[in-house]
């Protein structure tokens, strides 16, 4: 199973860039399923029906998110929509609407998608992502020990591969969760910073990993926002109106090639540009 995952899609430029380049990426990498982080999908903050439909029609199959997902005008409707493969961080406290994991059908195979969020520097009081990961995996019979059998065997055919989006600020927290889940999930991609890292790798026990997949947004920007407003704000310390940047778009992502046993065989970092 080849999983193509795109980092945070930022506003209209990111959406247009993704829909423009996906046909080329499909031809080049032949992914079986495509996912993306959508917390910044609608004008850089949250999600709307229109913005989700844009990238669904463009070829994205499942959607992860983060702390900004709640801010879109249609966020509650979409997060509660039956059958929509959209998840929010699973370790939000009880009572938060939406689901933190879901199963995506990939032909005859099944992919478990888990969304978690970090706590370091994130300014939110949420539950432990490590313990929440354990809790979700245990539902499928996966304990805290690296798997010796295939994921399909352990889960009695319920799932064939497991993908984790860890939405977090601190690279150290992302690395440690990667080690913690190594051998129990197929692959993990970090999101949130919008800055791609060059540490794509297969961990010791077979989990594909990258600290941050980057973003799909304007390159000449402050992580998707107009750079001039951000410079004024940082120099003067006076809040500025933040607008989505315009210009050349980068498409940041990662391709995980997962074998039949549910472990990663290859990780390919992706960074394309759309004028």
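The chain as shown is numbered from 1 upward.
Positions of Cβ are set from backbone N, Cα and C atoms, glycine also.
Where the annotation comes from TrEMBL, it is an automatic prediction and has not been curated.
The Fe cation 1 site recorded in TrEMBL comprises 39, 40, 194 together with one of 8, 165, 226, namely 8. With residue 192 (Fe cation 2 binding site) as the anchor, the candidate recorded positions are 8, 39, 40, 68, and the one with the nearest CA is 8. Around residue 194 (Fe cation 1 binding site), the same-chain residues at least 6 positions away in sequence with a Cβ under 8 Å from its Cβ are 7, 8, 10, 212, 214, 215, 217, 223, 224, 252.
The secondary structure of residue 167 (Fe cation 2 binding site), as reduced to three states from DSSP, is extended strand. Under the three-state DSSP scheme, residue 39 (Fe cation 1 binding site) falls in the coil class.
Listed recorded positions: 68, 167; maximum Cβ neighbour count within 10 Å falls on 167.
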